[in-house]
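The structure appears below as structure tokens.
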Amino acid sequence: MNIDLGRLMSTKEEPGDYVGSDGLLYCGKCHTPKQMRLSFDPATRGKKQTLVHTACKCQKEAAEAERKRAERERFQQDMARRREDGISCPDGLRHTFAEDDGAKPRISDACRRYVERWEEMRAENIGILFYGTVGTGKSFFSSCIGNALLEKQVPVAATNFPRLLNLLQGTMDRQKLLDRLSIYKLLIIDDLGVERDSPYAAEQIFNIIDARASSRLPVIVTTNLTLEELEHPTSMQYARIYDRVLDMCPMPIKMVGQSRRKGNAERRKRLAQQILLE
């Protein structure tokens, strides 16, 4: 191994740096050594030592921060390239926990814990099923979880089955789609049950869910269906799909309350009337 002794032995002295009682140069900011003693000649048995450069605490912290920044940037660029495959919905991850108004504290806490305990959730292949009527926050909380995990550099995609079925009927074959989906450690599937009811659609949906289960890759699913409809579907071809979803999502969360979407629409209506008619 070639060692650049000149670079190793040179220490850049900054304003405020000082020499300590041990003869080593110290950083004037963090007061930790910027030098250390090394012996390069085994024959001297450590008696002949040379001062060489070492990173002080703040230099190490700056280097670590830069490493993390570069790693985060590479992850973001990689995710941007992956979105070009058409799997992710453009607005599928539009909400974060910063927007949470605390109206559903127990659900909010559960979602935050899911992010905090992600490694365990992933290891056990535990997903979440959000079910309930329109506008009660199902997509909001799934989006919050997805974005929080993206911040931790976990590959996440948010999509729906109509979008995936359109890809399959286009240029992407089934195996290629399954391979692409396997890249994402968490897959968020929005609005289960709105896709067209046909043997072909049911077969493809089951293949996607089954591939996630076999690979032990978690899913978060949102649906307007009731738990009764999921547990006792009238269609036999969807029975095995819902059974697999419930198995992968052992914690169904019922979303109740007034429709946020309707409330927002009313607020915007009043604002428009105030601006335009008063």
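Yeah, the Cβs are placed from backbone N, Cα and C, and that goes for glycine too.
Where the annotation comes from TrEMBL, it is an automatic prediction and has not been curated.
Annotation comment: TrEMBL describes 53-85 as coiled coil.
The average pLDDT for the domain 'AAA+ ATPase' (124-252) in the predicted structure is 93. For 124-252, the entry in TrEMBL reads domain 'AAA+ ATPase'.
Helix, strand and coil content of the domain 'AAA+ ATPase' (124-252), in residues and according to DSSP, is 65 helix, 23 strand, 41 coil.
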